[in-house]
Amino acid sequence: CGPPSVLQGALYGEVEAPVWSKEFQCGGHESALLDCRSSGSARNSCSPGKAVGLTCSEPDRVRLVGGTSCCEGILELKHLRDWRPVFINHWNLKAAAVVCEHLDCGSAVSAQSEDSTQKSVWLIRPDCVKPGSALWECAKSGYSSNVLKVTCSGLQAEEKHNATEPNNVRLVGGANHCAGTVEVKNLGEWRPVEESDWTLKAAAVVCEHLDCGSAVSVEQRQKSLTLVWQLKPDCVQSGSALRECVSSSLSFFVLDLTCSDSVRLLNGSSLCSGRLEVKSNQRWSSVCEADFDQQDAEVVCRELGCGPPSVLQGALYGEVEAPVWSKEFQCGGHESALLDCRSSGSARNSCSPGKAVGLTCSESVRLVGGVSRCAGILEVKLGDWKPVFVPNWTLKEAAVICEHLDCGSAVSLRMITKSLARLPTKIKPECVRSFSALRECVTSVYSLNILDFTCSGQQEAELEQTETH
């Protein structure tokens, strides 16, 4: 262990064992207590609370080497009397921050992979590294040519790093700045983000950073093997700064994201519900319900990749906080975007309490390819209609879909492999129990399997057809 930090009696219980009968006379340099000189003692008992209690500090088993200061370099760990570099295995800034704090080097600025000729390493999982934990307790022996380089803020305390700012995340290659491949700037380098089971909920955080509207779709795109930033969606959703969720990786797959660029719904229970806001001239404005009707709502729901409007009512999702939109929308209902609609000037510059538009769009789910609308392959609308696959589904989860489609109860459910023009995307199974969030749980990961449903409404439809003939 490290040097003694606390020497005090009665810290760890009263004396139970016999009492040592000699007085130790160590010089402090000995390697073992019994190597010290000692003198006889007449003592054969201890007064209550007088037995030695000792706390040793953690040993100096962690260091950063090869950098410009003690707060930057290759992370090395001493374990079993052996100094070795640490192998990088999806480390992120949260794990690196524990190292920086232990070294009294401030916060973590970066954690990235470095090549090394060293083969023997200590393998440490980042989820094992927690504040106050001993790193050596997480270490396992292994072999690798990749090691972990950590930079702490002690090296550059005056330089501010903040990857939550919009200029450190961007969407490239799309129709506008709210659509395209997600790229993040870390350590001065722009890289695409690896597709890693992203959902619309996680994507909504990126849309918000870019001052775009709601998240509409997430997709996996394959390309040649390239350096990427791995951005864990669970970390992003937790509210952590994006830079705390970043780690370096190689991948064939990158993440494409589409956000709406001029409309959004706030304070709702899902991405398809909330108080409506419209963006024009870089400013978001609420809309008065007197200037908005059912046809306008149909356009908004379509633009957000949701189903048709089911509820249009003021005051459902909080009072007006943004300025009020000064025009009355006059949509025909067929337009693809709200700002494509005709509008007329309105003298309105404020809304009465409870009169700002609150909108709930339905979940767009359907069964296709069967003999009726109550049988077939499950598809969810994410901008476009896409087949989806949910691992480990049972009739209990399938019943939610049948009920939503007004098709009675679930009769059968089977997984099939079928060649489709569009690969099915997976839905996180833990999300299925809450149907209102089904669309938000569709991930960017593709599957080769699809789900084929039959609801009891299918049998009723067949019976009706038989009676007709």
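Even glycines carry a Cβ here, placed using N, Cα and C.
In the disulfide annotation of TrEMBL, CYS128 is paired with CYS138 out of the candidates CYS105, CYS138. The disulfide-bonded residues in question are CYS128, CYS138, CYS235, CYS341, and the one with the fewest Cβ neighbours inside 10 Å is CYS128. Note: the Cα of CYS235 (disulfide bond) and the Cα of CYS331 (disulfide bond) are spaced 40 Å from each other. In the predicted model, the domain 'SRCR' (263-362) has a mean pLDDT of 82. Long-range Cβ contacts of CYS331 (disulfide bond) within its own chain (separation 6+, distance under 8 Å): ASP293, GLN295, ASP296, GLU298, VAL299, LEU338, CYS341, ARG342. Note on proximity: of the disulfide-bonded residues CYS128, CYS138, CYS245, the one nearest CYS36 (disulfide bond) is CYS138, by Cα distance. Nearest Cα neighbour of CYS245 (disulfide bond) among the listed disulfide-bonded residues (CYS26, CYS128, CYS138): CYS128.
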